[in-house]
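Before any comments, here is the structure.
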Amino acid sequence: MTPMYPELLTDLVTDLPHAVRLQRLVSGLRTHFRCGAVALLRLEEEHLRPVAVDGLVRDTLGRRFAVSLHPRLAAILARRDVTCFHHDSMLPDPYDGLIDEHVGEPLPVHDCMGTSLHLDGRPWGVLTLDALTVGTFDAAAQAELQRLTVIVEAAIRTTRLEAEIRALQLARGKQPDGEGPADDGEIIGQSQAIAGLLHELEVVADTDLPVLLLGETGVGKELFAHRLHRHSRRRGHPLVHVNCAALPESLAESELFGHARGAFSGATGERPGRFEAAAGGTLFLDEVGELPLSIQAKLLRTLQNGEIQRLGSDRPRRVNVRVIAATNRNLREHVRDGSFRADLFHRLSVYPIPIPPLRERGNDVLLLAGRFLELNRARLGMRSLRLSAAAQDALRRYRWPGNVRELEHVISRAALRCVSRGADRNDIVTLEAELLDLDGLELPAGSAHHAAEAAIAHPALPTGATLREAVEQTQRACIEQALRAHDGSWAKAARQLGMDASNLHKLAKRLGSK
């Protein structure tokens, strides 16, 4: 081993993007120790999240390793010293099937070592190294890793401090003592599209401007609303989520603004609404385009005056609430056809933020797939679950009309199919492209309407489908056709199907269509 201290120390005093610094760190360690793979994982509650890897497949960055399910990681995390697992260790390796040189195969006899990392006396995460040559991690290598641990922790501390300084500069104010910017964890992606979006969210988060999140169904608008709130000065106050499409028109006013005693039959007492519940914090109006015109007028007055009036009361009440709204509809078109108020649209869209669809996020689809693979692996009790190269290519090529939500369903369905076909849960299970069944989901341009009608008239059912499965597939097709016919409007789709909008939402969630 040649000393790598000069390179590490140079990176500590060089202004580098945090992802670049940590990637250079693990790549340098892999070269230094001449090993097969190195991973840096951050502890987040009961899971370890990879933040930089070298020698592991790309989707590893999207996975979350539950400490309780991975005894090697648990053992490393429990000690302050270096922990070594020799070639005869019986503990399962968390990276089985994920090493670049042996993708999809059980790892050959090999050595592993790792160390826990601490910042300010608290566990931060772990550093792991895997070598495919027995005897690589001898006593000298373990002692070297122990010495390097201090520099690794210093690199992480530098990265954290730089992130805090950037957040302070953007916020133009002081963070509470001992509290850095939240690391949300849920938003997975490294594409330029997602990096630009996160930067834009960071800029607007600490203002009180209304924000309108625009994006297709399934892009994760709620996650981005949560991120906005957590990075705002209101983060210590409630974030209240309102699904506007699920509000029955007769109850919408009471739900949003509250009601006085005797306002209607059954109103036996005072009841605050969602605006008052969000006092000092943020109100997230999801699917805001579904609000009826009568409620739009009252919402506009609240945004203009900062006051609400409970149903049945003539006393105005001041509210201090930031509003974030989201929609998958083209509100400008609805303004033109008179179904959405122009003045409310301009109030809500002070700062519109488009969220990119999954098809525009490049290799992010593989990181997200890694996340869902790990969730299904743990849920199904499997040793290892991964994608073949052909399956990865299929994920990249597919257009993803349902975005991240559809990807989650595709991975879950493929994992279940694999198990139902007799896959041994103790083996490394590889999902092939045909299991994803993306060819059956892809529709030629312009054929969506006819395909939906055909799906209802002649549903394509899996061989041996039960009556319940046939009914559920037909229900899905009916819902999808109604939504397409009404430009994604859940309220109008519910009316076409003869259902209450809230019941349609519940059914769609149960069927996995939402």
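Placement of Cβ uses the backbone N, Cα and C atoms for every residue, glycine included.
As annotated in Swiss-Prot, DNA-binding region covers the listed stretch 490-509 rather than the other ranges in 50-69, 350-369, 410-429, 490-509. Across the structure, Gly215 (ATP binding site) and Asp54 (4-aspartylphosphate) place their CA atoms 34 angstrom apart.
Asp54 (4-aspartylphosphate) and Val288 (ATP binding site) are 44 Å apart (CA-CA, integer value). Of all the Cβ atoms in the protein chains shown, 20 others lie within 10 Å of the Cβ of Gly218 (ATP binding site). DSSP assigns Asp54 (4-aspartylphosphate) to a strand.
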